[in-house]
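Swiss-Prot lists Gln59, Ile60, Glu228 with the feature Na(+) 1 binding site. For Ser152, Phe155, the entry in Swiss-Prot reads Na(+) 2 binding site. The transit peptide feature in Swiss-Prot is assigned to 1-61; the stated evidence is sequence analysis.
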Amino acid sequence: MRTLSSQLYSNGGLTWFQKKNQSSLFIKHLRVSKPSRVQLISAVQFRPCIDIHKGKVKQIVGSTLRDLKEDGSVLVTNFESDKSAEEYAKMYKEDGLTGGHVIMLGADPLSQAAAIGALHAYPGGLQVGGGINSENCMSYIEEGASHVIVTSYVFNNGKIDLERLKDIVSIVGKQRLILDLSCRKKDGRYAIVTDRWQKFSDVILDEKSLEFLGGFSDEFLVHGVDVEGKKLGIDEELVALLGNYSPIPVTYAGGVTVMDDVERIKDAGKGRVDVTVGSALDIFGGNLPYKDVVAWHHKQHSLH
């Protein structure tokens with residue numbers, strides 16, 4: 001495994017990965033292995049989503065989400081459903097869609113209850129994220145989540161917090177952990193963003209960081225935050241980066257508007273990047289027929 005820049009990774013004021021032997025000892029202790037890109041040669045999948053805000057299934061412009069203690073007046077909502085999270089989960093199960101994600105866009109009890117309802121409706125078929133940490137991660141697995149999704153918890157002061165990452169891997173296992181590496185462009189590079197996508201970290205999404213983080217997680221989830229929720233088209237450059245360098249399965253979300261965008265993700269990602277569609281779908285108030293995306297998904301699998 002390559003040694004990463006010591007500027008990226010810190011813990012408790014100590015710098016990690018300054019020397020190759022330090023990296024080797026840490027990796028050996030965690031018992032993680034360097035992933036192989038061979039894992040990614042499979043059919044591209046459509047990964048459905050259920051975004052929950054204050055107990056309701058919504059589609060929002062994620063970059064406008066602020067802490068719930070604020071008045072929320074800046075929140076831009078594209079859609080609010082009259083269907084429950086549980087109903088969406090049942091639909092995804094009936095349509096044979098796996099690996100979708102349930103995201104709680106707030107830590108309120110209503111959102112937590114809605115997420116758990118979805119997990120109960122489709123045990124083992126959905127991943128869950130939003131406020132996940134070492135204390136609550138196993139409870140969501142026990143409620144039926146296939147994986148837990150974490151982002152802000154494993155970042156601290158703009159760096160990767162290795163103690164937290166090590167801790168959560170030891171609890172749920174690499175095979176049930178997904179790292180959300182959602183990012184925004186900054187100075188021409190993609191920087192991972194945390195805290196409801198409001199804070200830039202110092203961690204740049206590139207070949208080295210993807211390779212390193214792939215040793216700790218089963219999959220990546222990456223929202224192109226600059227285009228997410230805006231239905232302006234995909235971030236093709238980001239998709240290409242993921243297709244070229246992700247050593248484990250990765251799902252891209254952001255900007256899909258028409259079926260051609262889904263095909264562009266397949267092509268730009270070299271068949272290695274799965275796709276999530278949100279606001280554009282007719283089940284979320286958009287114009288893109290959900291049934292067409294499901295049919296496309298099953299067609300990909302029939303080709304393999």
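Using the three backbone atoms N, Cα and C, a Cβ is placed for every residue, glycine included.
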**Study point:** Between Ser152 (Na(+) 2 binding site) and Gln59 (Na(+) 1 binding site): CA-CA distance (Å)
**Key:** 21
Check your understanding: Given the binding-site residues Gln59, Ser152, which one's Cβ is surrounded by the fewest other Cβ atoms within 10 Å?
Key -> Ser152
**Study point:** Nearest-integer angstrom distance between the alpha carbons (Cα) of Ser152 (Na(+) 2 binding site) and Glu228 (Na(+) 1 binding site)
**Key:** 18
Point to revise | Rounded Cα separation (Å) that holds between Phe155 (Na(+) 2 binding site) and Glu228 (Na(+) 1 binding site) | key: 22
Revision key, fill the gap. Most Cβ neighbours within 10 Å, among the binding-site residues Ile60, Phe155, Glu228, goes to Glu228
Exercise for review: Kindly assign Ile60 (Na(+) 1 binding site) to one of the three DSSP-derived states: helix, strand or coil.
Suggested key: strand
